[in-house]
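Below: one structure, written as structure tokens.
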Amino acid sequence: MNQFLLFLCKIILIIFNFILFVVSIVLITLGVGLAEARNILVGTIVTRLMRDAGFHVTVEDEFVEMGLDLLSILPAEVIISIQIVGGVLLAIAISGILGAFCARPYQLYIHALLMFVTFVFLMFLMTQFITEAEFTRNYMILIFRNGLNKSYTMKPVGMGTGFTFFFNNIQSKLNCCGVVNYTDFNITKDFKSSHLVVPVACCVNFNVTDCTKLPTSKNSFVNTSCMAAGWKKVGGFYDKILLTVLVISVSLFTIMFCDILLGKHMSDEQKEHKQQKGAKKGKHKGGQGKHKDGQDNKKEHQDKKKEHQNKNK
């Protein structure tokens, strides 16, 4: 039973750390890719200049532009955090793999400690998520308003492109207008030149555009905040988020248990091996000692015999 449990723990550790290794590589690659992409945001300007010059812009180009627009409002600390998390997970994965494959108890104990630290950090994040919800909400408002200020167009063709396309789709799906309210559009670059109060995406009926200049609660969604509507939907995932955290927590404790169990087993095996090696060495030395004593006795007997013969002479 013990051997089966040890084998099962070893398999669990190998699978878990292999998955962790893959995830860490993906996160590091993503972080590096995002950091690099921030340096080529000129692609957004090029795409827009091409469109203005009359060149045909494909749907793929529009989605690329949207991605670049979204990337431009993504805080640098988020990208750095992705890279750091990827690096930490990589260290944990390597520690676990070395411990499981190379029979290194101290590596497994380090891995168990890292699992515990990960659990504590997860609990901290959950506490922050629950207790600091208002901070998270305000941070999201800041990010989206930054997007409106940098990239939003009040009078787009259709649903627009880039961040305009992204935010208009949010307004269309959630039946809302503005991040907090419709006055958020006052900070867009073309607000004054457009002579509009709200974009067409805020209208109940896209074909009836009178609401863009005279929005009411009947012809538009001016009284519905996109942040409030989105936050309400996120709130519906609270139970799922808590369940996910519970599953992850149980998994972490399972890994910790396997680390400690395997580590102790390996330590005991190594101690037993050293003891057996020491016993064999002692036995070998004992045999050599007896052999030497026998030789000494034989020599002493021969000396006495020779002395006796000399006396007789």
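Positions of Cβ are set from backbone N, Cα and C atoms, glycine also.
Annotation source TrEMBL lists compositional bias 'Basic residues' at 276-289.
According to TrEMBL, the feature compositional bias 'Basic and acidic residues' maps to 290-313.
The region 'Disordered' annotation in TrEMBL covers 269-313.
Feature annotation from TrEMBL assigns transmembrane segment to 12-35 (among others). Residues 71, 74, 79-80, 82-83, 85-90, 92-94, 96-97, 99-101, 111, 251, 254-255, 258-259, 262 of the same chain, all 6+ positions outside the transmembrane segment (12-35), place their C-beta atoms under 8 angstroms from a C-beta of that stretch.
Per TrEMBL, the feature transmembrane segment maps to 78-101 (among others). Residues 10, 13-14, 16-18, 20-21, 23-32, 34-35, 38, 107-108, 110-111, 114-115, 118, 255, 259, 262-263 of the same chain lie 6 or more positions beyond the ends of the transmembrane segment (78-101) yet place their CB under 8 Å from a CB of it.
The transmembrane segment annotation in TrEMBL covers 108-130 (among others).
Among the features that TrEMBL reports, transmembrane segment is placed at 241-262 (among others).
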